[in-house]
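Engineer: Input: one structure, supplied below.
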Amino acid sequence: LVELARRATITSSSTGTSGGFFYSLWTQNNAGATMNIGTGQYSLTWDSSSLNVVAGLGWNPGSAQAISYSGTFSPNGNGYLSVYGWTTSPLIEYYIVESYGSYNPSSGLSQLGTVTSDGGTYNIYKSTRVNQPSIQGTATFDQFWSVRTSHRVGGTVTTSNHFNAWKQFGLTLGTHNYQILATEGYQSSGSSSISV
């Protein structure tokens with residue numbers, strides 16, 4: 001892990017800390033994305049040459065905390081703005097989706113239920129990824145999803161409400177790894193600027 005100066009620009013996949021926050025940038029093609037990191041703030045621009053990009057700022061490890069954030073999110077095409085994280089034992093990738101672009105990430109998934117939190121309703125889903133990139137290399141793992149029915153950019157995400165609701169539907173997280181307020185783009189372009 002690298003401790004960055006107060007403001008830094010990253011253009012290739014890396015993780016580290018800056019201003020007391022954990023940051024992560026991952027691009028499938030190791031190109032096509034530029035992340036600027038300040039203290040408790042980041043901005044991202046991306047284009048389709050990245051193929052898939054995930055960037056964000058947050059904590060390592062994460063926890064069942066309330067996360068307040070603000071900013072802008074402007075995808076051209078497929079993109080998500082979410083509280084995003086991983087756990088181990090079991091290996092789980094999770095999303096609490098606040099807003100998305102042209103594609104609803106829950107498309108094709110069976111809804112398990114809903115959770116009401118922070119002034120909105122979120123639909124709950126589970127999916128499985130087979131032989132895909134993870135924090136433990138190529139692996140097969142479940143994804144847990146809460147997808148907000150009315151988009152917003154800014155507010156508080158009480159993660160414990162989602163984690164508890166997921167557990168009621170048999171979706172149990174493991175030991176927290178990183179947890180970030182993430183921008184994701186898939187075969188698209190756009191920009192975001194987020195403060196946590």
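Every residue number used here counts from 1 along the chain in the order it is shown.
Including glycine, each Cβ sits where the backbone N, Cα and C put it.
In TrEMBL, annotation is done automatically, which means it is predicted and not curated.
Below, the features straight out of TrEMBL:
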type	residues	note
ACT_SITE	E93	active site, nucleophile
ACT_SITE	E184	active site, proton donor
DOMAIN	9-196	domain 'GH11'
Engineer: Specify the count of other C-beta atoms within 10 Å of the C-beta of the residue listed as 'active site, proton donor'.
Structural biologist: 26
Engineer: Quick one: give me the count of other CB atoms within 10 A of the CB of the residue listed as 'active site, nucleophile'.
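Structural biologist: Other Cβ atoms found within 10 Å: 21.
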Engineer: Between the residue listed as 'active site, nucleophile' and E184 (active site, proton donor), how many Å separate their Cα atoms?
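Structural biologist: Checking the Cα atoms of the residue listed as 'active site, nucleophile' and E184 (active site, proton donor) gives a distance of 14 Å.
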Engineer: For the domain 'GH11' (9-196), what is the mean per-residue pLDDT, to the nearest integer?
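Structural biologist: Mean pLDDT for the domain 'GH11' (9-196): 98.
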